[in-house]
Amino acid sequence: MPTDVERWKSETYGNEIREHLLEFAEQGWESIPEDERDAWFERFKWWGLYHQRAGQESYFMMRIGTPNGVLEPGQLHVVADIADEYARGPAENPEFGAAYCDWTTRQSIQLHWIRLEDVPEIFERLEANGLSTQQACGDSWRNVVGCPVAGKDRHEFVDALPVAMDLHETFKGNDDHTNLPRKWKVSVTGCREGCGQGDINDLAFEPAEKDGRRGFNVRVGGGLARNEPRLARDIDVFVEPDAVEAVAGGLSALFREYGDREDRYAARSKFLVDEWGADEVRRVLQAEFVDRELETAGEDLREEYTYNAGRVGSGTDDRPAGGHDDHPADGHGDRPAGGHNDHVGVHEQADGNYYVGVNVLVGRMGVEDVRELADLAAEYGSGEVRLTQRQNVLVTDVPESELDALLAEPLLEDYSPDPNPFMRGSIACTGTEFCSLSIVETKNRQVRYARWLAENVDLPADVSEFHVHLSGCTASCAQPQIADVSLRGMKTRKDGEPVEALDIGLGGGLGADPRFAEWVEQRVPADEVPGAIATLIDRFRERREDGEGFRAFIERTESEGDLETLIEPSETSYEDPYMHNTKTTWYPYADEDGMDASPAPARADGTPLAGDD
Amino acid sequence: MALSVRTLDDGAWVSVADERRTGASELWRVTGVCGCPIAEFVVEGVTDVAVDGRTVAAETYGRCITCGRSTTTGPIPVGRVLEGRYEPIDRNAVRRPVGASSTV
Ligand code: HEM
Ligand code: SF4
């Protein structure tokens, strides 16, 4: 029997949702018939609107899809203005204030507390400036991700930006690919470092060479959610840039026709690839979905990948007279010898200008800071900014002569291009603040973790990067499985009371030899996690071999059967204000946080509607 | 009149008559899902929901925080339909999966 979601989708889905959405917005929240709410909220996702969790009824999260993370000159100002005007809820966040923007792990933007009634105006302003929420959520082509410096990277192997942009143009609003069995996440990488994180996407194009021609190898069926992480599988296909669209469309159509529509838990492409195997995916693609003869895979660059690859020592500054030089003379040809593990820091572009990657702790910025950043980008660069998959922002196109002045700006003290490793390595998902699936508070907690770790824990001097990713549940939006330390929401009892807790995993990452974290300790009370990380780092320092990186250390410790000895939860000077089951509040940081105190659902002006019982 | 019951937001909720009634992150006391006499079960997601007679029961996945066992479950009662209205089960009630061998 088809699921309700499939039934709703078969009735109305895709572009046509828009006119209904705008009509409901015109008439107000209450105009959505009560017995159609589930259906409409499901459909609204396709237009980037996701109903917030219990206690926040009538408020929406809005996602804006920025392909490849690129915000063209002027667009960041528009986003800041919209957030300032429309993303203000009935209560403030103690770390970030009343209005803020989230940069996400898929190079998109999330705003919260959006009122349905404001959507027409928001859409108008977004679209007048080349931005859109189309397909930002829902069962379709999601935001296309990629190397955030595509087209600018000095060492780029093939320019992936036109390819990513073409996929975006072709498959957004495309009726043939509107209604897929489940979300479809696509990544295009053209750099030598692997920054597109293709391995964890449904469809990945990764740089490769065949008979002297540069293009991409194709992988299918990656994803992290629900305790079933999969790396995308090599289907032995090479495509030149101009053939990417045909092959991507073929694979999307294959997923549309053969993906599971009976069971949403088995619907992601990773399960189809599990069932069929990569050979069969290739065979069916060739037989039914593409006209041209598929070429076998070319030679890839995966051995060179450095992004989130757990190597020791990579640079934050490659100015001519900068700190450490990450492209020593022995780099062969156009290859970087050091390579980036992320994009924080000052880096030279192919055109001789620079990009400055600033660290945004857990990906959230208050609107005043967003506006200031947009100003700086316009003043010192071209006005363009780009979002990374580590929730950070790059100011691009800065001439060398402007660098010092930009780096001296006060805003860059808070959003540093050379941050403490724990600040730099932190990623957190949405969590109980807004998300229905969440089990624990995430962003504000990770802010506190990072600050405490930065103050109290020193990494070995040669380790400049350390990734801690916190996800509130197994959906894995913060990509915990590919971090040095993976944190995932759970609960436990402490002193008899149920409290928020985290599972701790170790040693995940991408690169030539990608590896998902090993879950080592379960249900650690959230206030004992910083202590556990502190002892972990001590033991790493004591037991590592000369120059051994953290991931290598974890692999060796695991092979010796000693992983459990690395984690020892303990209370420290760290204090956690969010131990008390934040999901049972209407908003975890409100003075009166009980469900009974919730002002939702509310009218367009924010005044509460009477509940039905 | 039949009440519509379904899962919502990819397993975050049990929706009854288009209202979110119970969902992910709740802590339930359940028998027969692990070795514990009564599991303290964190619901991580709801995979299916159905009405059986008067009982609304949800299939879930989650974990017992006493013993640590992660598991998927058969239908576990979440509420009852009384005179066409939905009554959620008391949060602290001990729940027994529907179809479990012995009766309460
Ligand atoms: C209201 C908040 C959110 C909700 C309800 C939500 C929902 C979900 C769900 C249901 C999944 C599991 C997908 C599956 O089963 O296949 C998922 C996975 C994921 N989401 Fe979110 N999400 C939210 C926020 C975010 C944010 C802030 C990001 C950052 C961009 C994000 C990015 C991802 C990623 C990267 C994955 C996992 C990787 C994968 O399986 O492909 N989500 N999310
Ligand atoms: S990982 Fe879970 S808690 Fe965090 S945003 Fe995603 S769905 Fe929500």
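A Cβ is built for glycine as well, from the same backbone N, Cα and C atoms used for every other residue.
Just so you know, TrEMBL annotations never went through curation; they're auto-generated.
Among the features that TrEMBL reports, compositional bias 'Basic and acidic residues' is placed at A:316-347.
Feature annotation from TrEMBL assigns domain 'Nitrite/Sulfite reductase ferredoxin-like' to A:55-90 (among others). Tertiary proximity for the domain 'Nitrite/Sulfite reductase ferredoxin-like' (A:55-90) is limited to same-chain residues at least six positions away from its ends with a CB under 8 Å from its CB atoms, namely 29, 44, 48-49, 98-101, 104, 107-116, 118-119, 121-122, 125-126, 129-137, 142-148, 150, 160-161, 164-165, 167-168, 172, 188, 367, 370-371, 373-374, 377-378, 382-389, 430, 434, 585-587, 590, 595, 598-602, 606, 609.
According to TrEMBL, the feature domain 'Nitrite/Sulfite reductase ferredoxin-like' maps to A:95-128 (among others). Outside the domain 'Nitrite/Sulfite reductase ferredoxin-like' (A:95-128), and at least 6 residues removed from its termini, the chain residues within Cβ reach (under 8 Å) are 21-22, 24-26, 28-29, 49, 52, 56, 58-66, 68-69, 78-84, 86-89, 136, 142-143, 145-146, 148, 185, 360, 363-368, 370, 386-393, 427, 429-430, 433-434, 443-444, 447, 477-479, 602, 604.
As annotated by TrEMBL, domain 'Nitrite/sulphite reductase 4Fe-4S' applies to A:137-288 (among others). Across all of the domain 'Nitrite/sulphite reductase 4Fe-4S' (A:137-288), the predicted model scores a mean pLDDT of 97.
Sequence annotations record features per position, and here TrEMBL assigns domain 'Nitrite/Sulfite reductase ferredoxin-like' to A:347-410 (among others).
Annotation source TrEMBL lists domain 'Nitrite/sulphite reductase 4Fe-4S' at A:423-557 (among others).
Under the heading region 'Disordered', TrEMBL lists A:301-347 (among others).
Under DSSP, the residues of the region 'Disordered' (A:590-613) split into helix, strand and coil as follows: 3 helix, 3 strand, 18 coil. Here TrEMBL flags A:590-613 (among others) as region 'Disordered'.
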(request) Report, as numbers and ranges, which residues of the same chain sit near the region 'Disordered' (A:590-613): CB under 8 Å and 6 or more residues beyond its ends. (result) 28-30, 54-59, 90-91, 115-118, 584
